[in-house]
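Student: Structure incoming, see below.
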Amino acid sequence: MPSGRRDGTFSNASEPLKFLVPPTSNLSDLVASFVIKGLNTEDLVVLSGAHTIGRSHCSSFVSDRLNTPSDINGGLAAFLRGQCPADATPGGNDPTVMQDVVTPNKLDRQYYKNVISHTVLFTSDAALMTSMETARMVVENAKIPGWWEDRFEKAMVKMAGIEVKTGYQGQIRKNCRAINHY
């Protein structure tokens, strides 16, 4: 990863949330949100693979994946119903679950196998199978060793370059834990 972003003197944990597309999004909304940032459909599919690690609050998927008919695998749905309250809400009773129950702590291509087998949490993940183009990419990422990993590296670098500001007289923030004075 290139280092030395020059676009801020402080970090705010809630700021990125304003720019995330909800996990309830369909493929058209996902693609549009990526295009606005200068990314393409392949970047969308590749970067979605990051859902192979991490946890999600139940409120991010219960209402549209468990409480209404969806394509989610019945076994996963039953497991999740045992972990998540039907009325999960942010800030309330909202436990977290692993996003990838097969290899939860490994950055790997298992996510794509999960998309194919309908064992993903989010509508936005399942949406990758709703077009021939993105479904083909999902299958390639699932089946070809090294395919996803190579593309993920490139897409992460591309994403890191989104909206980088070059102000501050060419100064680079030297310490992420302190405000630099220019």
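Glycine residues also receive a Cβ, built from the backbone N, Cα and C atoms like all the rest.
These came from TrEMBL, pasted as-is:
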- 1-180: domain 'Plant heme peroxidase family profile' (DOMAIN)
- HIS51: heme b binding site (BINDING)
- THR52, ASP100, THR103, ASP108: Ca(2+) binding site (BINDING)
- CYS58-CYS84: disulfide bond (DISULFID)
Student: Relative to the Cβ position of ASP108 (Ca(2+) binding site), how many further Cβ atoms are located within 10 Å?
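Tutor: Summing over all protein chains shown, ASP108 (Ca(2+) binding site) has 16 other Cβ atoms within 10 Å.
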Student: When the Cα of CYS84 (disulfide bond) is compared with the Cα of each of the binding-site residues HIS51, THR52, ASP100, ASP108, which one is closest?
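Tutor: If we rank HIS51, THR52, ASP100, ASP108 by Cα distance to CYS84 (disulfide bond), first place goes to ASP100.
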Student: Average pLDDT across the domain 'Plant heme peroxidase family profile' (1-180)?
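Tutor: In the predicted model, the domain 'Plant heme peroxidase family profile' (1-180) has a mean pLDDT of 88.
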Student: What whole-number Å value do you get for the CA-CA distance of THR103 (Ca(2+) binding site) and HIS51 (heme b binding site)?
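Tutor: If we compare the Cα positions of THR103 (Ca(2+) binding site) and HIS51 (heme b binding site), the gap is 11 Å.
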Student: Using the alpha carbons only, what distance in Å do you get between THR52 (Ca(2+) binding site) and CYS58 (disulfide bond) once rounded?
Tutor: 16
Student: Using the CB centroid of THR52, ASP100, THR103, ASP108 as the Ca(2+) site centre, which other residues of the same chain sit with their CB within 8 A?
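Tutor: Near the Ca(2+) site, the remaining chain residues are ILE53, VAL102, PRO104, LYS106, LEU107, ARG109, GLN110, TYR111, ASN114.
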Student: Cα distance, HIS51 (heme b binding site) to ASP108 (Ca(2+) binding site), nearest Å?
Tutor: 10
Student: Here are some binding-site residues: THR52, THR103. Which one has the most Cβ atoms within 10 Å of its Cβ?
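Tutor: Result of the Cβ crowding comparison: THR52.
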Student: Roughly how many angstrom lie between the C-alpha atoms of the residue listed as 'heme b binding site' and CYS58 (disulfide bond)?
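Tutor: Between the alpha carbons of the residue listed as 'heme b binding site' and CYS58 (disulfide bond) there are 15 Å.
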Student: Check each residue in the chain of ASP100 (Ca(2+) binding site) that is at least six apart in sequence and keep those whose C-beta is under 8 Å from its C-beta; list them in sequence order.
Tutor: HIS51, THR52, ILE53, GLN110, TYR111, ASN114
